[in-house]
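To start, the structure under review is shown below, and the notes come after it.
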């Protein structure tokens, strides 16, 4: 029997989405623009990184060919290897949102065919009746924010007032999301999670995809920083996913990082929490050791998106990609005959783009393992082909969406 390891490099888009203009994202290309900045010396940072973007392991697995097929060009300054060792291609999202749940659910074989609810950009973001009900049920004196904002910016701006007043900081973005920032000590982590749980229930009727708890510490705007205790409160996927189908067949799904939250803890056998890409890779390697025949290890590497993409930090994103690439040999060493590794992404978040939100892009699809024959799979229509390929590899019945490339 076989095993599968699915790694989502959160927001690592490769450009070229045919519908990008409808989202205001025409020309967005996370990989391509990072490579351009690196090649031009604009992503050098003392003590962190310098020079052209260097991803030798992913390049040997077909990343350069993926970039060209998705966006029409090779990334600047990056050598194209003579030989490729993996299955490689790109995928075009068919779900309407460019958000985390839509991308992950579609990867797991369940595209999102409906429109999420969103909050208005102008004026107060949240309905007054919702805020009144939430404050009443949570017994808080009110909220701060009530707007679209960058998380780090709004914590710096309102964090001190939050500590003085006890009012949680509530904000949103272009995603279908209600985010709540609160101090872990002054407000309390348990109280923050309870507040978000109440919000989740009240927002179901508004069709909001996620409520996110964003705890932070520090005593002033200059010292505030988020902690690793983030939690996402998601709605359930609209139909059974690959994860549910595996559980039904008696398999185990090892959810590393925020995967459990993204799937509302449905179709999950084991949750392994870790904070930061390095710790997430360590946890993934441990999960690979624990995985039995027929199991899936599913990891989200969130730093690319949360720390570097949204904050438009090109050197940081480049360094994180290089660090991830350098860890891939650790994965290779763990592989047994019958194992399959898949590397992909859920959307883009071009750190050179205007604003702070996700960008509509195609995503890379890399698959490799012992005995896997290298070949191009072209540009796939829909991420669900990834989930269906894993289903076929693990020997479970096909689902209603997608087509295996194996």
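We number each residue from 1, going along the chain as drawn.
Here the Cβ of each residue, glycine as well, is placed from N, Cα and C on the backbone.
If you draw a 10 Å sphere around the CB of residue 347 (Mn(2+) 1 binding site), it holds 30 other CB atoms from the protein chains shown. Feature annotation from Swiss-Prot assigns Mn(2+) 1 binding site to 10, 346, 347; the stated evidence is sequence analysis.
Annotation comment: Swiss-Prot describes 305, 310, 358 as Mn(2+) 2 binding site. Under a cutoff of 8 A between CB atoms, and with a sequence separation of 6+ in the same chain, the neighbours of residue 358 (Mn(2+) 2 binding site) are 11, 98, 99, 174, 175, 305, 309, 347, 348, 349.
Taking the Cα atom of each, residue 10 (Mn(2+) 1 binding site) and residue 310 (Mn(2+) 2 binding site) are about 11 angstrom apart. Less than 8 angstroms from the CB of residue 346 (Mn(2+) 1 binding site) sit 8, 10, 11, 100, 102, 103, 104, 107, 300, 363, 383, each of them six or more residues away in the same chain. Within 8 Å of the centroid of the Cβ atoms of 305, 310, 358, where the record puts Mn(2+) 2, the same chain has further Cβ atoms from 10, 11, 306, 309, 347, 349, 356, 357.
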